[in-house]
Structure formats: structure tokens, C-alpha cells
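**Q** Structure incoming, see below.
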Amino acid sequence: MDHFEYRGGVLHAEDVPLPVIAAEVGTPVYVYSRATLTRHARVFRDALKVLPKVHLAFAVKSNPNLAVLKVLAAEGYGADVVSAGEMERALAAGIPAADVVFSGVGKTAAEMRRALAVGCGQFNLESEEEGIELAEIAASMGLVATATLRINPDVDAGTHAKISTGKAENKFGVPFDRAGGIYARLSALPGLNLRGLALHIGSQLAKLDPLEAAFTKAGALMQAIRGEGFAVTHMDLGGGVGVPYKAGDVFPQPAEYAAMVARVTAGWDATLMFEPGRVITGNTGVLLTEVVRVKQGALHPWVVVDAAMNDLARPAMYDAWHDFSAVAPTGPTMTANIVGPICESSDTFAMAREIDVVARGDLAVFRTAGAYGATMANTYNSRPMVPEVMVDGGKWAVVADRIEPATILSAERVPDWLA
Ligand code: LLP
């Protein structure tokens, strides 16, 4: 459910007609609905109330906008971060360092030092090598780093190969059958307080079964490790719950996910940690765009919009589907290809799609663009960095400026020897 609805034939974000935002900010622009964000944050949080001890860490990578993080901080979310940059954003939004989980396969020594200095709550270690390095750095600072060990459960998440993370051939975590030994060795290090296991098998999961299989394996490993006399008080179950991108698609509801977790983890006696991203932010945003022109095609017309793969990379990268709707549809539909202006064929949002009839100058949106949208944007083809707007009832504000090519150009230098 979201708060992007037609009123009087015009698509609104909450109480704000989208043409108002287009006129003032220009297009393309991401538009977020605060009410939708808050709702999703609460639905997920409330669903997990069936579990005894829960820690929620929003996956910042899915939408790191400061205003978005502020809303989630107020809803009691911690942060799952994968870089110092994401960590600084979480702290700037007021998320306590103690509620920050630092994930990622390539944390640098500088990032570890910074995270330790601010009191980062937990490091999710991706390897024995990383654990040894973190322990040394913490000890050199007179600190003890709190950590979990990320395991690779070798479970097929059944999602797109580029966003699968829990198969043995993926770079993430430590091999399942070596995890017990690594846990024992890392537990002996004075700079480390190893308190549990972590896993995350992939993103945009359409089914709960792979998660259940992975959690079940993790639970067995947890008991085995405890049997060896080591403490396991925290189990980080990651993120990955998918959302429908196509009208009519059915995905697991947070309550079903929570019921599955409750069943699998009954008797674990551990704090369960979660790193939801897309399920919180996916539906909270649209990418608002204007039709530049409609060009005749061999098979279907090409609807050329002013958004491109640099603004929304998901279709180009993962063949992802984003529903396309006219902001003021006239009723009839047409079959068309939707493309951006970038000079490569991967800049294609949809082929042979049945869409609202649109013409030059019309506004339209790509829906479900709140997760992995603006955060993956870049300036390829020397296009501007796409801006972001947040709506709250009848109010709205620009929450990230459009960064013009001139600003980016001003950061470039021609060396003396070329002048
Ligand atoms: N935790 C870890 C360790 C992760 O790597 C991720 C996502 C999450 C949590 C959050 O997963 P979520 O709940 O959002 O599924 N750019 C891709 C998605 C990449 C996801 C990477 N990791 C896309 O646009 O589909």
C-alpha cells in the first residue's frame, strides 16, 4: 500500500499533485511519501512483535537520503551500513552508534578505526582475515570490537543472480562447514567480542522457503557452536524480503515472514537482528519524469523520457520491471518501448509494454523506485545527479538537490603539463 493516488485524474503524492513538483523542481526527480515510509516501517516493526528480542537495522544502501534516515530513526530503526559514508549518514540522522551494524566484505582499516572510535554497535565479519585485523585494530585502540560472523549457508535465494549472496560461489560470508572453526579461533582474540552469527542470502526474495532453509542451517550451527562452549547471543538474519513491482504480483507479507521466523527460531534464546531495506523503502518513492518525445519505431513507438539508466539503474542492471504510469492519463493505452536519452541500448526501461498513451511534454512515473533508485544514480553522459523530494501531507521539500554538470566539472582539474 502506498500514498501515490489519482485525484481528479492527476497523480498525487499524498496531498501534493505531482505536476506541482515537476514545475518547481524539474524532472527527472525522485518523490518520496513520508506517510508511506512511516507506514512500512511500522508494519514491519509491528509484525516482528511476535518475537521476544529484536534489533532492527535499516539497510541504508537501499535509500541513504538523510530525510529518509531521520524518519526511520524516529521509528526506532538502527542502521545496517556497508561503508564509512553510510555510517556517517546514519549518525547524522541521529541513529545511535550503538544501533549501527557494519556489514560488508571490504571494510578498510580506516573504516574499522572510525567505526570503533564512534562506538559502532556491531561488526558483521565476512572472513577470518577481517576478524583478525579488526581485533588487532581494536586492541591497539584499547577497545573490544563487538562482532558476529557472517556465514554463507549455500542456499539458493531464487532471485536475480546479481543480487544473490548466499550461494557458495558468492563472495559473502565464510563457508558454512568452516564457520565453527573460525568462530572458535576468533573468539580467542582479546580485541574481539564475538557474540553471534549473521547471514543474508539475497535481495528481492519472492518466497520465504530459501530464508527458512538458511535460518534453519544457521540455527543448527548456533547450537553446535554453543555445544563447543562458545557464547551465541545474537543472530543477524539480514534482509531480503521482496516487494511487488508489477501490479498483481504477490509477495510474502511482513506478518508471514515474522510467523516463519518465530517458528524457525523458537527456543533459540538469542536477540534476533534484521536488516530490511527494500521492504521498507521500495514503495515509498516514484521517479517522476517527462516525455521528451515519442519517436516512431519499426515495431512499436519509442517513448523517450528525460530519466535514464543513470537515474534508475535497475532495469539496465537486473532487467527489473518498474510500472510506468502517466501522471494525467487520458484513458487509452498503447504498446510502446520506454527508453532514456543515454547513448547505449541498456538505457531501456521497458520493451513492448502496454502503457497509458503519452505524448511529448507529458509527465509519468516509474513506480516502486524508493529502494535502490536514487542511491544507485550517477552522472553518466554528464547528466545531472537526480534530485529527491519528500512529501508529507500537503507539505513537500527538496531533500537532495539536483547536482548540475557544471558543479561536477568544477571538481575536475587539468594538470599544468596539459595546459
Ligand atoms: N543486509 C545485507 C548484508 C545486504 O547486503 C543487503 C542488500 C540488505 C541487508 C538489504 O536487503 P533488502 O532487504 O533490501 O533486500 N541493488 C539491488 C539490490 C542489492 C541488495 C544488496 N544487499 C537492486 O536494485 O535490486
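Each position is counted from 1, following the chain as shown.
Glycine residues also receive a Cβ, built from the backbone N, Cα and C atoms like all the rest.
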**Q** Among Y32, Y372, Y380, find me the residue TrEMBL lists at the same pyridoxal 5'-phosphate site as G240, E275, P276, G277, R278.
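**A** The record-listed residue among the candidates is Y372.
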**Q** Could you measure between G240 (pyridoxal 5'-phosphate binding site) and K61 (N6-(pyridoxal phosphate)lysine) for me? Cα positions, answer in whole angstrom.
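**A** Just about 13 Å between their Cα atoms.
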**Q** Just counting, how many other CB atoms are there within 10 A of the CB of Y318 (substrate binding site)?
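**A** The answer is 16 other Cβ atoms.
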**Q** What recorded positions among E275, P276, C343 have a C-beta sitting less than 6 Å from any atom of ligand 1?
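**A** What lies within reach of ligand 1, judged by Cβ under 6 Å, is E275, P276.
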**Q** At 10 angstroms around each C-beta, which of the binding-site residues E275, E344 has the fewest other C-beta atoms nearby?
**A** E344
**Q** When you put R314 (substrate binding site) at the centre and draw a 10 Å sphere around its Cα, which of the recorded positions K61, P276, G277, C343, Y372 have their Cα inside it?
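**A** Y372, listed in sequence order.
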**Q** Taking the center of the Cβ atoms of G240, E275, P276, G277, R278, Y372 at the recorded pyridoxal 5'-phosphate site, which other residues in this chain have a Cβ no more than 8 Å from that point?
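**A** Apart from the listed residues, the neighbours are A59, S62, S203, G239, V241, V279, I280, T281, A371.
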**Q** Using a 10 Å radius around its CB, how many other CB atoms surround R314 (substrate binding site)?
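**A** 23, counting other Cβ atoms within 10 Å of R314 (substrate binding site).
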